[in-house]
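Annotated S-adenosyl-L-methionine binding site per TrEMBL: Gly43, Gly44, His45, Asp62, Asp110, Gln117, in sequence order. TrEMBL lists 270-323 with the feature region 'Disordered'. According to TrEMBL, the feature compositional bias 'Basic and acidic residues' maps to 314-323.
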Amino acid sequence: MHVGNHGEPGGHVPVMLRRVLELLAPALDAPGAVLVDANLGLGGHAEALLAAHPDLHLIGIDRDPVAVERSTERLAPYAARTTLVRAVSDELAEVLAREGRTRVNGVLFDLGVSSPQLDEAGRGFAYSYDAPLDMRMDTEQELTAHVVVNTYSEGELTRILRDYGEERFASRVARLIARERAAEPIASTKRLAEIVREAIPAATRRTGGNPAKRTFQALRIEVNGELTAFERALPQALDALVVGGRVVVLSYHSLEDRLSKHIIAERVKDTSPPGLPVPLPAHQPRFRSVTRGAEVPDEDELARNPRAASARLRAAERIREPE
Ligand SMILES: C[S@@+](CC[C@H](N)C(=O)[O-])C[C@H]1O[C@@H](n2cnc3c(N)ncnc32)[C@H](O)[C@@H]1O
């Protein structure tokens with residue numbers, strides 16, 4: 001599970017901050033530049049970007065009302081240069097249209113959950129606290145982890161645990177969940193963690209950290225529709241870029257990273273039919289990759305913030321206007 005902002009006593013360290021600043025800098029130096037931070041969280045990356053670019057306007061999006069409230073406080077010194085919106089990232093094009101800014105110079109995605117979401121026991125994200133099964137980033141949406149755990153079929157649960165949690169024992173965990181909930185609804189994080197523990201073979205339990213970790217990650221991704229939102233949001237971000245504009249994606253899960261890899265790969269491709277003597281402008285790529293493969297945090301960062309270990313960073317730049 002990813003925690004974006006851990007490691008400094010009492011503070012929050014944004015993941016791969018130096019690299020994010022470096023990759024976005026060429027795009028944000030244009031006068032009147034606009035950046036969308038599509039996962040505002042506590043505003044850590046946002047604050048550093050606003051400090052580094054005195055002329056930058058930042059549009060921050062987060063679906064969690066608490067994140068918007070906290071980052072509004074944190075970014076108060078930059079209030080004149082920020083627009084903070086509670087929205088889902090796949091509403092990016094709508095948010096931009098409402099702000100009257102259809103093209104932007106940069107977009108940052110820092111996917112996953114934030115430390116307050118994990119660390120506030122009552123939100124039901126963490127197996128380390130006992131709380132009602134909730135896990136909603138948007139506290140007003142209807143789907144909760146309680147609904148997923150108690151109403152999804154055993155087959156659906158197996159798929160979610162396998163695909164989103166990479167849980168080897170997905171079907172065993174799903175089977176035990178189905179059996180236990182038939183006797184009594186599974187209402188708390190503690191009860192669910194106990195069930196997962198019981199479902200996993202004892203020999204495996206002794207290695208690889210808390211066995212509930214993968215199940216909790218899978219449920220969180222399902223409850224918040226994280227992959228679907230990102231899959232819709234990234235193309236909108238790429239479409240919105242001006243020439244020279246850049247998108248940077250920090251992902252924490254192989255499925256998220258695979259999505260960003262594929263979506264970017266489609267855009268950087270030359271689609272000219274093979275064998276043409278002269279390349280056709282209409283088929284030339286509109287984008288280029290700025291990173292080679294996925295970049296990972298360096299050892300210093302991992303020593304300071306071991307929970308950044310799963311981070312993968314990719315970036316792309318628009319090099320031509322759309323036809
Ligand atoms: C890892 S945190 C971002 C941390 C931030 N970069 C910082 O430095 O403080 C991810 C944030 O994205 C938000 N989030 C996740 N999925 C979202 C989505 N589809 N739309 C909007 N916000 C989302 C979460 O609520 C969370 O606050």
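Cβ from N, Cα, C; glycine included.
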Quiz item: When you look at Gly43, Gly44, His45, Asp62, Asp110, Gln117, which the record names as binding S-adenosyl-L-methionine, what is the longest CA to CA distance in angstrom?
Solution: 17
Quiz item: Using DSSP, what's the helix, strand and coil tally for the compositional bias 'Basic and acidic residues' (314-323)?
Solution: 0 helix, 5 strand, 5 coil
Self-check item: Spatial neighbours, same chain, of Gln117 (S-adenosyl-L-methionine binding site) - Cβ under 8 Å, 6+ residues apart
Solution: Asp64, Ala67, Arg123, Phe125, Met137
Exercise. Let me know how many other Cβ atoms fall within 10 Å of the Cβ of His45 (S-adenosyl-L-methionine binding site).
Key: 28
Quiz item: In which DSSP state, out of helix, strand and coil, do we find Gln117 (S-adenosyl-L-methionine binding site)?
Solution: helix
Quiz item: Including all protein chains displayed, how many Cβ atoms other than that of Asp110 (S-adenosyl-L-methionine binding site) lie within 10 Å of its Cβ?
Solution: 27
